[in-house]
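Here is the structure we will look at.
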Amino acid sequence: MSIAASVSGFLYRKPRLRLGMLLSAPLLWLGLAYLGALAALFVTAFWHTDTFTGQVVTEWSLDNFATLFTDEVYRTITFRTLGIAVAVTVIDAVIAFPMAFYMAKFASPRAQRILVIAVMTPLWASYLVKAYSWRVMLSGNGLVGWLFGATPGYGLTATILTLSYLWLPYMILPIYAGLDRLPNSLVEASSDLGGRSWRTFRSVVLPLTFPAIVAGSIFTFSLTLGDYITVKIVGGAGQMLGNVVYDNIGAANNLPFAATVATVPVVIMLVYLAAVRRTGALDNL
Amino acid sequence: MMLSKKTKYVLLAALVLGLAVIYVPLLVVLLNSVNSDTTFGWPPSGFTLEWWGRAAQNEGVLRALWTSLQAGLAATAIALVLGMMAAFALQRYRFFGKDTVSLLIILPIALPGIVTGIALNNAFRTILGVDLGLFTAIVAHATFCIVVVFNNVVARLRRMGGNLEEASMDLGADGITTFRLVTFPMLRSALLAGGLLAFALSFDEIIVTTFTLGAGLQTLPIWILDNLFRPNQAPVVNVVAAVLIVVSTVPVYLAQRLSGDTASGGRL
């Protein structure tokens, strides 16, 4: 019996050992390195920077959080970011639903496969390039102005527009998956009982696909909350939470305060995830 | 379906319009890269390949491309190993804390990129005292690429079942031989698809990269961001943007063809 064979025989009799070996490296990497980094980030949020030397001082205080809650500027930025996230989510849901509905219920299996690829491929095309293309299109003599005779220019509208564009596929795909699972017989039963399109949609289709919509909203929400580049590219002067984090790491060199601000999107996401847990949306991811 | 004809056509119109909106901005970027006018007014005034030639000789672009390739390949290699190990552990075994482990794998991509970026930045600089460089960016990229490989391999393992491996063992092959001759060949295309997607993800990533790549180094997306607001660089930026579109969508298309079981490749 060769060494390899005896090793594999030994391992075969010890499933726990095999599992331990399989899990050790991924757990060390993600559990120690990544979770450790996240934990360290929240610890750092309670420290502060020496205004004279710029070094991080490891003294515990709630000063950063006090600034975050009391300073008008940060409150405005937090609510602006939340507002943008809500607007983007609603816009994406409204655009995505009819697209997903046609894909799931009317397209042939072959067309479905092609359409899924067609929706998904641009999802992976560079984020930056897509945001940039909206800068080009929204400019004074760009495509949007040429088509519609006017352009919203750079600002809040452009930010919402661009972010909605960027995250649209993240909304289409879960809704498509949800509608694909919805049995046609239920829709037919509703029409047999006299329900017209709108009534069937409101009373049958929408309640059953709601978890899928919520699943999509998790992405549009999370991605918007953390964004700062789109605002830089098409947002004019307005800022989002991400910009505050970025500026505090770079220009202001205040890592502790950046860490404090970064807890805001995390807390919002955790609250949101806890709130939608009961809809079963998390199983739709 | 018993919905009215009218509903059907309205929905089809919405789908066509939606797809048009998805693709028009990408086409605009591709068109602009061969637009002879440097201010990119619409409609384009003429056609030229001059910018492509200039971009191909631009040292900053070539250096950034090289950094992107190094980071992408290294991160993909790490993600392939760790993602495959995690997939086997979670798909083939039951154990305490299994749900926590699967949450841990999607966490780097579920949290906003800026949180992942600043957490790793803080860990490297303040906690570990490591200077940012290519190495730290590779560690960061591998962290969020694991989930892509993981999803692909889990989907394949689920579809495969365990019968063939059991048959191989019954016929006297040991675990290693079974893996080499039975399991691995069936996983190969899923691994290739996962690897391609991980590379595409790393190649495009900008937020996490901004916080973890050392000063003086640039990946292609960071090069674009740095040059975006310099008017005389605009034509070259357009070419790099066009290249990025092509480079990142081709692997995704290939990955789709390779593995029918990949729903979306990992971000979802």
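A Cβ is built for glycine as well, from the same backbone N, Cα and C atoms used for every other residue.
Residues annotated as domain 'ABC transmembrane type-1' in TrEMBL: B:65-255.
According to TrEMBL, the transmembrane segment annotation covers B:69-89 (among others). Residues 101, 105, 134, 137-138, 141-142, 145-150, 152-154, 157, 187, 191, 194-195, 198-199, 202-203, 209, 213, 219 of the same chain lie 6 or more positions beyond the ends of the transmembrane segment (B:69-89) yet place their CB under 8 Å from a CB of it.
Taken from TrEMBL, the feature transmembrane segment covers B:101-120 (among others).
According to TrEMBL, the transmembrane segment annotation covers B:132-154 (among others).
Residues 67-68, 71-73, 75-76, 79-80, 83-84, 113-114, 116-118, 120-121, 124, 131-134, 136-137, 139-141, 144-145, 148-153, 155-156, 222, 225, 244, 247-248, 251-252, 254-256, 258-259, 261-262, 265-267 of the same chain lie 6 or more positions beyond the ends of the transmembrane segment (B:190-216) yet place their CB under 8 Å from a CB of it. What TrEMBL records for B:190-216 (among others) is transmembrane segment.
What TrEMBL records for B:236-255 (among others) is transmembrane segment.
Residues 67, 70-72, 74-76, 78-80, 82-84, 86-88, 90-91, 105-106, 108-109, 116-117, 120-121, 124-125, 187, 190-191, 193-195, 197-198, 201-202, 205, 208-209, 211-215, 217, 219, 255, 259, 261-262, 265-267 of the same chain lie 6+ residues outside the transmembrane segment (B:132-154) yet bring a C-beta within less than 8 angstroms of a C-beta in it.
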